[in-house]
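Chemist: Copying in the features that TrEMBL gives for the protein in this structure:
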- 140-174: repeat 'PPR' (REPEAT)
- 209-243: repeat 'PPR' (REPEAT)
- 244-278: repeat 'PPR' (REPEAT)
- 279-313: repeat 'PPR' (REPEAT)
- 314-348: repeat 'PPR' (REPEAT)
- 349-383: repeat 'PPR' (REPEAT)
- 384-418: repeat 'PPR' (REPEAT)
- 419-454: repeat 'PPR' (REPEAT)
Amino acid sequence: MAIRILSSKPISLRAVFHSLNLRNFCSNALQHSDPPSPDLVNEVSRVLSDHRNPQDDLEHSLNTFSTHVSGNLVEQVLKRCKNLGFSAHRFFLWAKTIPGFEHSVESHHILVDVLGSSKQFAVLWDFLIDMRESNCCEISPHMFWIVFRAYSRANLPRDAIRAFNRMVEFRIKPGVHDLDQLLYILCKRKHVKHAHEFFDKVKGEFEPNAKTYSILIRGWGDIGDGNEARKLFDEMLERGCSLDVLAYNSYLEALCKGGYADEAYKIFRGMKSKGIEPDACTYSIFIRAYCESNDIHSVFRVLDRMRRCNLLPNVFTYNSIIKKLLKNEKVEEAYQLLDEMIENGVRPDAWSYNAILAFHCDHCEVNRALKLLTRMETDNCIPDHHTYNMVLKLLIRIGRFDRMAELWESLSAKGFYPSVSTYSVMIHGLCKKKGKLEEACKYFEMMIDEGIPPYASTIELLRNRLLGLGLLEQIEIIAGKMERSTSCSIQEFAKVMRGRRAFRTSRRSEETDIESD
């Protein structure tokens with residue numbers, strides 16, 4: 001709601017022109033498309049993170065940045081603060097009050113996603129209604145797809161369906177493409193029964209095609225119900241839908257996942273007689289099915305058949321075979337497959353290398369692990385945090401602290417900035433090594449200085465080690481540094497370091513128990 005300030009004093013002509021010129025300057029400056037500096041995005045995001053409560057004076061703290069606001073800055077901050085729905089919405093409204101600034105269509109889409117991701121559904125609907133009433137931005141079907149996804153992720157499938165039914169309130173007539181999106185999103189989150197029930201209610205109002213049926217067939221396959229998939233495929237045939245290889249692939253995959261691989265193979269053999277040519281995806285379905293059943297012989301039989309047909313598996317299928325080979329201790333064969341991928345122009349991803357790297361780390365093969373890390377960089381595959389976490393953990397475990405320090409020092413030059421999980425690998429590993437507690441404290445303080453909130457389990461471990469050695473003064477020094485942090489979360493954790501607050505475990509089960517500690 002705009003606030004108009006009335007003045008009883010007469011305004012000079014010069015002041016009017018000055019005001020107009022300033023407004024034009026602001027308009028041009030605020031709408032520029034130059035990307036904001038990462039430091040500015042970090043600072044504004046930190047303010048939003050530190051002012052989460054409704055009583056916090058967020059707007060006052062944001063006023064410092066009013067001269068730096070641009071469309072790009074708003075979009076980057078909103079993307080960064082995906083789980084801060086309430087603060088992000090207040091930031092959006094604050095930016096709207098700056099003279100000459102207008103939000104982009106993209107920023108409206110991002111805020112809808114942010115509000116949905118943080119489960120602020122009441123605020124989300126108020127925001128959509130405000131958009132409809134003010135006509136400030138066209139409400140597109142894509143915005144509703146974002147809403148479907150948010151409800152589905154929150155395990156609220158019925159609310160996702162209600163959102164579909166509300167599209168007409170926002171002057172959108174849903175079509176079969178919107179229906180497909182809803183069904184796909186529900187099935188992706190395993191809400192297949194709700195998706196199928198809704199489809200049965202509305203299929204007379206739309207013209208469902210092979211794609212619509214394939215979404216539901218694949219959904220039933222993902223939860224291992226081949227019988228329901230079979231019923232839908234038969235219904236699709238009865239309706240006279242034009243079938244293509246994608247429809248067959250969905251059905252074959254559903255049958256394989258449901259335990260009907262033999263039936264699927266018979267259908268596969270009859271595809272060509274129906275004028276459907278199997279593609280690489282068709283063969284890959286059977287490769288993955290045989291991997292699941294640990295039938296390595298059949299995996300390579302299908303792979304050889306693909307080669308004869310000049311078809312290539314994608315990286316996901318290659319990774320499935322590599323994983324199965326490693327499970328059977330066939331690491332050399334995994335390397336051969338990695339080489340084949342590169343020779344065939346199928347670029348391995350970080351997962352391809354990480355699977356083999358995990359094997360070397362599990363077997364304490366440090367030289368081979370480091371050699372593979374170097375190969376990743378040579379092959380232009382960017383290592384991710386799992387890559388570095390595994391290698392750092394291995395180096396600490398076998399006591400190669402020189403190589404550990406060398407690798408850590410090289411991370412920033414490689415463009416990798418440690419996350420909370422990487423710091424935790426260092427701290428947990430060093431805490432368990434004799435004489436390395438001081439180093440563990442050093443990495444903990446580095447994490448605090450970076451403004452990264454630690455895991456509660458990391459604080460507990462470090463505090464207990466210090467307490468066990470009677471280093472109460474060191475606990476107080478670290479807690480004091482935490483209290484001086486600009487992050488509210490770190491400030492709160494100071495109480496945990498001092499032992500005045502119970503520990504809470506969350507954050508995806510403390511990053512899978514600190515990389516399977």
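Here the Cβ of each residue, glycine as well, is placed from N, Cα and C on the backbone.
Since this is a predicted model, take the numbers as computed values, not measurements.
Let's see these features in context: how buried, what's close, how far.
Modeler: Away from its own ends, the repeat 'PPR' (140-174) comes close to residues 108-109, 112-113, 115-117, 119, 121, 124, 128, 132, 181-182, 185-186, 188-189, 191, 194-195, 198 of its chain (Cβ-Cβ under 8 Å, at least six residues beyond either end).
Taken together, the residues in the repeat 'PPR' (209-243) have a mean pLDDT of 94 on the 0 to 100 scale.
The list of residues near the repeat 'PPR' (244-278) in space but at least 6 beyond its ends in sequence, with Cβ under 8 angstroms from a Cβ of it, reads 210-211, 213-215, 217-218, 220-222, 224-227, 229-230, 233, 236, 285-286, 288-289, 293.
Helix first, then strand, then coil: DSSP counts for the repeat 'PPR' (349-383) stand at 26 helix, 0 strand, 9 coil.
Sequence-distant contacts of the repeat 'PPR' (384-418), counting only residues of its own chain at least 6 positions beyond either end whose CB sits under 8 Å from a CB of the stretch, comprise 350, 353-354, 357-358, 360-361, 364, 366, 369-370, 373, 376-377, 425-426, 429-430, 433, 436, 447, 450, 515, 517.
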Chemist: Could you tell me what the rest of the chain brings near the repeat 'PPR' (349-383), counting residues at least six beyond its ends with Cβ under 8 Å?
Modeler: 315, 318-319, 322-323, 326, 331, 334-335, 338, 341-342, 390-391, 393-395, 397-398, 400, 403, 414, 416
